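To keep things clear, I will list the structure first and then write my remarks on it.
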């Protein structure tokens, strides 16, 4: 499905600029490549030890797959990791061991030009609606636990569309798309079953979350009710995997299945079972060590999900998609090296994600896709694979990219609106003048058109954070890799193809390109809906809801309130009518001539 309008073609970077950028990149990134090569060697050595020790034990028996005849529609398995950094996978050179992810990706299609959003709610909303944030009103930040806000109810969700063509739809894991009303819950947005958390984070064992002092509650749900039976200290990654196995064990593989598994890992708080620390004692940075253990547990979980797909007869007709929801957070153990920036920013480190597709149904297995892909593309792609229909009047921002992935064809996508956030205007020096009268550069925005990427406003923390496993590089950053944003700057231009690490700002060199991208931003902004970011509601406090985070907005209260309002209006009308009668009565009395009237 095409976006609302097409982008203007932009000229390529000149050969001289390519050469100039290449020299700059070579000097700045050489050390990074040597580090990556060392880590790759260490990972390969560890992989041999892993096979010998058998430390990743399956929780289900590996046995030949049963027949799966009976449906031409594939089973769709979407696995979403939380806060996994771009570098935090073995095949990107990480020191963290991810043999399952490496194997699945190597046998499938690696997505090496794949983009998501910089934080949780936006990525999840775009996956489930196929629309940019500016078209759902979720442009600003995330949905907070105490906000009366959720994914707009007038947006048809992916599971709703899949149910129309006969799919059973199940969600396991983190929702984070709002819950203040019952209509906002996953089971009301297209999922037959839901087992997971409603908030953005929480304790992995107790499943409790405090949003602020005194505002704490339990956050684990079975469909529409608190899952108190699981208040027993089970680590969420393992608990969610067990639920996935149960779903697969009880579902008929001849009937199409959509399974959305949104793991809590590797989001903070940094917690993991003790045995996963075994191979990471040498990592000095404690947050990195804990993060590594969490990621190893996640890798094992996906291993067990894959085995269950095979055991219960789903695998041969399944399409498995793996994605992170945003970049890693270096202060919480994640790494996006050698990309610039982190989670919460519009630099490449915040929005370029780990992603791959694994399936026996792929035509080009064992390949790398470098075509432009965005998280909104999964919506039309999966509906098309499911033999579903998208209404012509629904304007999506995603494209069907299955042929791009499976057959290696060119991507239909030429641009990505990373976001326009009119509320976030922290760039003190931004102005209309800086945007050539086309755009107010105080506004945080980012757009990609072909090779070019433009950022305005304050894009967020902009450092390159090196691998934290190496203590000699310093506790926080490698000083040679740090660049401080220029004072007064509110606009940047990069050629991402030539300069994927965003080291060479070309905004002053190519003002014509800047103007074209600013016009494109302006075009997108004309289609934006108002931002939905309401103030917190004190009724959301779990203490008022049995100690549980959950829907607090009661429809019956609304009716009572409306009835009271009507009664008050009637009283006012009666009162006004009485006053009018009294005034009329007084006006009919004639004044005595000797009585002064003025």
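Any Cβ shown, glycine's included, is placed from N, Cα and C.
The annotation in Swiss-Prot ties 82, 83, 325, 326 to Ca(2+), and of the candidates under consideration, 120, 369, the one tied to the same site is 120. Of the residues 97, 343, 363, Swiss-Prot puts just one in the substrate site with 174, 267: 343. Taking CA atoms as the reference points, residue 267 (substrate binding site) and residue 120 (active site, nucleophile) are 10 Å apart. Excluding the listed site residues 174, 267, 343, the same chain places 82, 83, 120, 200, 201, 264, 266, 268, 325, 326 with Cβ atoms within 8 Å of the centre of the substrate site Cβ atoms. When the recorded positions 120, 304, 429, 495 are ranked by how far their Cα is from the Cα of residue 343 (substrate binding site), 120 comes first. Cα separation, residue 174 (substrate binding site) to residue 155 (N-linked glycosylation site), rounded: 20 Å.
The glycosylation sites 155, 316, 429, 495, 525 differ in how many other CB atoms lie within 10 Å of their CB, and the one with the most is 495.
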